[in-house]
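Some features that Swiss-Prot has for this protein:
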SIGNAL    1-19  signal peptide
DOMAIN    59-96  domain 'LRRNT'
REPEAT    121-141  repeat 'LRR 2'
REPEAT    147-168  repeat 'LRR 3'
REPEAT    169-189  repeat 'LRR 4'
REPEAT    192-212  repeat 'LRR 5'
CARBOHYD  214  N-linked glycosylation site
REPEAT    218-238  repeat 'LRR 6'
REPEAT    263-283  repeat 'LRR 8'
CARBOHYD  281  N-linked glycosylation site
REPEAT    289-310  repeat 'LRR 9'
CARBOHYD  299  N-linked glycosylation site
REPEAT    311-331  repeat 'LRR 10'
REPEAT    360-380  repeat 'LRR 12'
REPEAT    381-402  repeat 'LRR 13'
CARBOHYD  410  N-linked glycosylation site
REPEAT    431-452  repeat 'LRR 15'
REPEAT    502-522  repeat 'LRR 17'
REGION    588-613  region 'Disordered'
COMPBIAS  600-613  compositional bias 'Acidic residues'
């Protein structure tokens, strides 16, 4: 029978501060996870990991049939799922032994206390995504549910929180309502309460009582994001390890606001109005367990002093920070990720000793600032350094002399010119795997490029040729991007690629090539040549590249008859051949005549350039 099979109780644990797909309910005793990993790409940590509640494979002795409301799914173990069946009234024929009830995604507007009062065993009640109002949910609606552990009321139309909730609660979700007021016993006097979700409401300071968590000192997760709070709530539970206050109206944090939160590990304060004056040296002083702090998108002009020494990830992007002083970061010896992008930093604003002693700091984001040169005193063990979108004009000999462990370096979209790159600038970067110099003002590839690099990007520069020996010794190169430059066919001789024995991807799209380059590496798998002036594909075009999987020739000058079919016969691995956007139906003779004239004009331009040189 279907009712005796394993049945998932589809209940939602609050997702990442927005309502998403229906997930399963978390079992009692959930909380902090053991191996907590941090990543700079995370906008925020997940609220909780969902856990499925299953009824047993082989149910124990019980009635052969279970009374079940129409269109609902019920099990003999007390799991009832009435989610998403367009209910407009509370089902009246629920089994009395129901312990998990799912009513999410319906049209319920009101619930009467007597409808719930006989469900004495109820442990989980999911009412999220209905049309419940505070008037339709009486204060004593949950009075008799003495075993209720999990209550989900997210995405309804509540303006006032229930005045009384059962004392056995473990997790409560009121997210995405219109709440303006919380009462003292809404969350108070609940010793088992572990997580409270109140994000995306209309809560202001006056709507939160000072004793909101009186008698509920074990709360570990509190989400108050996207409200109208101007002050940090008072008397927060000392067991908190995750506190979300982002997207509020905080301007300052008063002394002692976090003084009792020695267990706090994650603090989210982004998208507020915090200023330098709103934080003092002791604001975060007592947060001895804090690992993740997000202060992005505020009004800070400097890196705050007195940050916790336990920090692993620090978000300071999208402020107005102009300076990083000598001693504000150096005490944070556990710091691994530092995000300072989208500020107003200049090279002189970063003290040469700002990163001294930060041996664990491996990821630094400094992009979208106003740096005129590479900052001195970079962290010695940095592995990922993002300095794109600044105003850097050159790279000096000693700029990267101490960053031996650097693996990824992004210098794209600066103002770097070829003469201003010292030939020994990259000499110490023996571990570098990715180098991005796109969007600069390079006329030639800089000399002395790291030989062990796997990915080299020099897109959107002013390259007219690859100088002899520019890629010499780069046998480890896998991907080379030369997109949107001024490269011409005569400037790419077959010797240009001779050392690239492991090259798999070559992108020369958006240049001025009239022919397919010769002597390409045998290892090549993907060749991008779109948006050039290539007029023909001869029979021997790909003789040196039998391993090609993708050829992209879109938007060139190819005409009917100019592509020799036999050119592709040896390409046993070819999966994609893109030649759309060419002159497939043009007058071949006219096309060839026009292309010949273009070639003559190109040769004349090249001769003039040589005379100028």
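Heads up, the Cβ atoms here are built off N, Cα and C, so glycines get one too.
Locations of recorded Swiss-Prot features on the structure.
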residue	record	Cβ contacts under 8 Å, 6 or more apart
214	N-linked glycosylation site	184, 188, 189, 235
281	N-linked glycosylation site	305, 306
299	N-linked glycosylation site	273, 274, 275, 319, 320
410	N-linked glycosylation site	367, 385, 386, 387, 388, 434, 436
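Within the chain, the repeat 'LRR 4' (169-189) has long-range Cβ neighbours (under 8 A, six or more residues past its boundaries) at 12-14, 17-19, 26, 28, 30, 128, 148-163, 195-204, 207-209, 211-216, 219, 223.
Per-residue confidence over the repeat 'LRR 9' (289-310) averages out at a pLDDT of 98. Look at residue 410 (N-linked glycosylation site): DSSP puts it in a strand. Comparing 121-141, 360-380, 502-522 for CB pairs under 8 angstroms to the repeat 'LRR 3' (147-168), the maximum falls on 121-141. Scored on C-beta pairs under 8 angstroms, the neighbour of the repeat 'LRR 6' (218-238) with the top count among 263-283, 431-452, 502-522 is 263-283. Across the repeat 'LRR 10' (311-331), DSSP helix (H, G, I), strand (E, B) and coil residues number 0 helix, 5 strand, 16 coil.
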